[in-house]
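Copied over from TrEMBL, here are the features:
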SIGNAL    1-27  signal peptide
DOMAIN    44-131  domain 'Ig-like'
DOMAIN    139-232  domain 'Ig-like'
DOMAIN    257-344  domain 'Ig-like'
DOMAIN    349-436  domain 'Ig-like'
DOMAIN    442-529  domain 'Ig-like'
DOMAIN    533-626  domain 'Ig-like'
DOMAIN    633-728  domain 'Fibronectin type-III'
REGION    713-735  region 'Disordered'
COMPBIAS  715-724  compositional bias 'Basic and acidic residues'
DOMAIN    733-826  domain 'Fibronectin type-III'
DOMAIN    843-947  domain 'Fibronectin type-III'
REGION    889-908  region 'Disordered'
DOMAIN    951-1048  domain 'Fibronectin type-III'
TRANSMEM  1062-1083  transmembrane segment
REGION    1096-1148  region 'Disordered'
Amino acid sequence: MTLNKNPGSVALLCLLISAQAFPLTAAMDIPLEVLEQANIEQPPTITSQAASPIVAFQPDENFAVTCEAKGNPEPEFRWTKSGQEFDPLMDPRLEKEDHSGTFVIPKNGNLSEFQGTYRCYASNNLGTAISEDMDFIVPNVPKFPKEKMDPIIVEEGEAFILECNPPKGIPPLQIYWMTIRLEPIEQDARVSIGLNGDLYFSHAEEKDSRRDYCCFASFPMIRTIVQKTAMSVVVNTKKSKSDTSSDAANAILERKPSLLTPPDVRSEKQLVKGEDLELECIAEGFPTPIIKWEKLGHKLPDKARVEHHGKLLVVPSVDEGDNGKYMCKASNSHGVAQHFFTVTVEEPPEWVQEPRSQLHTIGSDIHIKCSATGSPPPVITWRVNGVPLEDAPAAANRERLGDVIVLRRATAGNSAVYQCHASNRHGALLANANIMIMNLKPRFLTPEGREYSAVEGKAAILHCNVFGSPPPSITWSRDDSSGAVEGPRFTVHRNGSLEIRVVERGDMGEYRCLTNNTEGTAAIAATLAVRDPTRIIVSPEDVQILAGSAAQLSCSAEYDKSFNNDFELLWEKDDMEIASNQTEDSRYFVEDGLLQISNVSYEDQGRYTCVARTSIDQDRAEAMLVVLDVPDAPTNLVLSEHKNRGVKLKWSPGEDHGSSTTEFIIEYEEGQWEPGKWKELVRVPGNHGSALLKLHGNVDYRFRVAPLNAVGKGRPSEHTERYKTPPAAPEKNPENIKIEGHLPYEMDINWEPLLPIEHNGPGLEYKVSYRRQDLDEDWKEHTVKRHSFIVSATPTFVPYEIKIHARNQQGWAPEPRIVSGFSGEDSFFWNCPKEVTSVPSAAPDNVTVEVMNSSVVKVSWGRVHKDKLHGHLGGYRVNWWRLRSRTDAKKKGQHGERHTHAFPGDRGHGLLPGLTPFSEYSLMVMSFNGRGNGPGSHVVTFRTPEGVPEKNSAFRVMEVQKHTISLAWSPPREPNGILTGYQLQYQLINDTEGLGPLQTVNISDPAATKLTLKDLEALSRYRFYLRSCTTVGCGHTVTEDSTTTAKERLGNAHQGISTQGWFIGLMSTIALLTLILLIACFVNRNKGGKYSVKEKEDLHPDVESQGMNDDTFCEYSDNDEKPLKGSQRSLSGQMAGGESGDSLVDYGDQEVQFNEDGSFIGEYAGHKDKRVSTEIKGPAQAPA
């Protein structure tokens, strides 16, 4: 359905277009179209007037006295000022506007001349409308009179009053009493400011003597504060100069109370409904009286409040229920004073029924009713065209009956503007009612031939707006039928519109609206088209998303194609349309039904609606966006229930931001050992708001709480105040007790000391108790402050029981648990010239290797018997090294970098990760204890399968043309298998890193190292991706970017120099000199000697000939006289003077080569290009 709004036709159509009987009682106005067509006259109506009062307190502005009206003919304006005729045109100082009653009073000049009450009259030949009264007030600057103030002399204990008598001015008025230095006079039960501004003293005291009591009157409306001349008060004290007794000092006459204000015993208070009731009682007397308030026969209203130390009763916004009698009672120890208030709440006038404009036909009976209520009851007066009813021209058919004026058999001459005025002492009301009596044939306000569109299944409305007097009747018919449109789906409304509910395809076609009254008939046609409905086919779905990320909602709809230019798909958030894509920094982006929100925050959470809309219908679909974020910090932390070393912590949870709080983490900080460092104390479930905290003694704590939900940990709360616990005995004993025997006949006892916060008080120390486990003997005890102790002269490797007991100045910790351990381990001899320490003496057997994948193998071995361990088993160590890559058979027999991995504990297998694919390896296994490694197992050789290659070692752009780019690369350093070729991919990229479609080129030749890409776009930037491939797959990618040129480059642009004779000669000379230099270097090198490999092997026997690997040569010692790392000794311990001093140690940072059985075969030639070798040695080993 298409709605077209024509100028003027919207105004009050429900009044003007009606098929029901007379009279029309709504506010009456004739549409402009009718006025233009029929030149119908209309009485004046006041449309705008100035708000009263107009206060001239802004001297930098002009003051407009506004009066606007409408009517036909155009109204003429006149004014009265304070009841006298006033013509603004007669005063040249006033600015007057054409076709308006408004005039402007200039800011310059004497404004007081214009002060008064103004009323505007708008008249034409049908009547006169009048405005309400408008008061123009020119405030005078209030001033206190200049006067000489004599000092006020009072006796101590007497009551006195300082009068303010503020000048008159524009309310509100505010009174302040201060000193000449603008320090407020302190008010209390004895001293207070009354409602009239006076300063009351219930009795004088010596401290009241001063010379600078100043009354200040403030007038906020005119931004003015004025000050009264300072007043002086002298209080004569009862104490004489010669009398210092306390009785003389307190010789103030005590008396019963009497009221300073209000006077007499009774008073009346009248006020208007809605005002604040203020009743005041200020009493004098000594001691200072106490004021109490009552409402006789009732309790004080709930909204009442007592202020000014009980002297003022305030009841805000009074109504009829606050009527009654109130009493104030002032009392002290000597008596009572009372005052009674009779309170009457009255009301200004309010309309019960305001007179309304009416349109009637000639001959009708017309009733104009006006009634108002108020307290006291308002007086109702009537005017006709601004003239009091009793002074207006007589009309034989006009009669006043109470609050109703009746016009019987009205004629066109009875058309007029009636004014009703209701007033009492609290205010006045004025209403204008335009009464029009005329006959007029129907006139259409809806254009002829209007086309309407409606959606199948929805409702349609066809308009037939018509004006006439009497109101015309309206019927509708189809173009193919002379009868009226009928049926349950069709309704003709009072304003003439035809509504069709649940439109069908058969409703399409032409319709006619027919109207008639006593003055004539008329008809118009309208056309209805039926369209397909708009329907959302893909609805947005509910989304939960983390704050800071991007959210996306999608929506699509189908609609009638006739609305291609009128269809829109928009988004709303919580029923407010999203203004998207308007600024560069907008976080909302809408395109083709897709809503994207970047950097989502909690404010983005809500209900999002997709709206698919045409000019006649719409469809809507909703989705909820829930923003998940960490919870807000808890608040209102309170410590309570302090019990020795326990305290209760309470808090109020913060907003959880869509994800329920799962835990609260309570953290603490202590101010002695680690001030400023927060540590976790305890966690409690997320549905708790308090926790009982168990604390250590002698610690100065403060606490905070951090929330935790599925998104993460939120910001912690503010910390509590500090809480220090009293000292106490330790609650625990040391843990992680270790018993070690580094030397025979000794036992080292170590333990993890208590943390400082666990001391619970000063003076912490440990009692070490031990005894042999295999004998029945008493405990031996020693007290220490450190966290270690050595027991000497112990038997070798025998079991002991040990316990560590903590205590401080407050007492002992609970009884400690007993742990077991062994004293120092034994020693034995191998086939070596000297005694070595007790490392394992047997190697693991049955070593096997199971290949898991191209880089991981599983190693299994037989465990060493415990009798061969000679101590506690530390675990097993696997040494392995790479022999060669299976892609290069020439390197067979050369050792790669040596690796080791320890598997702690008593186990028989382990995984070795990080191996190079498609390689041949060797490994051996050995056990170890606290003294070091045992002998190695037999060497086992295995192979890893093929894998994917590493990155290509080089990849670059060689040449760039307009449509071609040449690329070159080198193979990967580690192919990890047999190369089958390369995969090259490329795509266009733009300046914002947007990527185009990916193109792929498969290169099947593994020997290829270059390629030229053709048919590329000129002046375009490309990104290239290269990967090497084996039968397993393609490896990691290397990338390169390049941009094509705008035109082809000439290949011979720089060929001239290469064909010049001088250039060829220069290059030949450089080549000859280089050849001579290389020959000289080769001859010089051949003059040096070689080391004999046989001699090397004689000096360093094969590892397995000793029954162990190079990690377990016979260099262990039970004493501390171990050779320094890097020292060179023979097996007898002496340096061979005639030998070169080369050894395995010299090559500890070089690559060493082994046979498949692990023996050393490498020649000691050159250290420069060797890799670092890692050797794992026992704690007591020294280099060989």
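Glycine is no exception: its Cβ is also placed from the backbone N, Cα and C atoms.
All TrEMBL annotations are machine predictions without curation.
What you are looking at is a predicted structure, and each value in this text was computed from that prediction instead of being measured.
Among residues of the same chain six or more beyond the region 'Disordered' (713-735), those with a C-beta under 8 A of the stretch's C-beta atoms are 630-635, 637-639, 642, 644-645, 647, 649, 651, 654, 665, 667, 669, 671, 678, 695-707, 751-754, 758-762, 764, 766, 787, 803-814, 816-817. Residue counts for the domain 'Ig-like' (257-344) by DSSP state, with H, G and I taken as helix and E and B as strand, are 3 helix, 54 strand, 31 coil. For the domain 'Fibronectin type-III' (843-947), the mean pLDDT of the prediction comes to 88.
The domain 'Ig-like' (349-436) makes no contact with the domain 'Ig-like' (533-626), as judged by fewer than three Cβ pairs under 8 Å among residues 6 or more apart in sequence. Secondary structure by DSSP for the domain 'Ig-like' (44-131): 7 helix, 44 strand, 37 coil.
Comparing 257-344, 442-529, 951-1048 for CB pairs under 8 angstroms to the domain 'Ig-like' (139-232), the maximum falls on 257-344.
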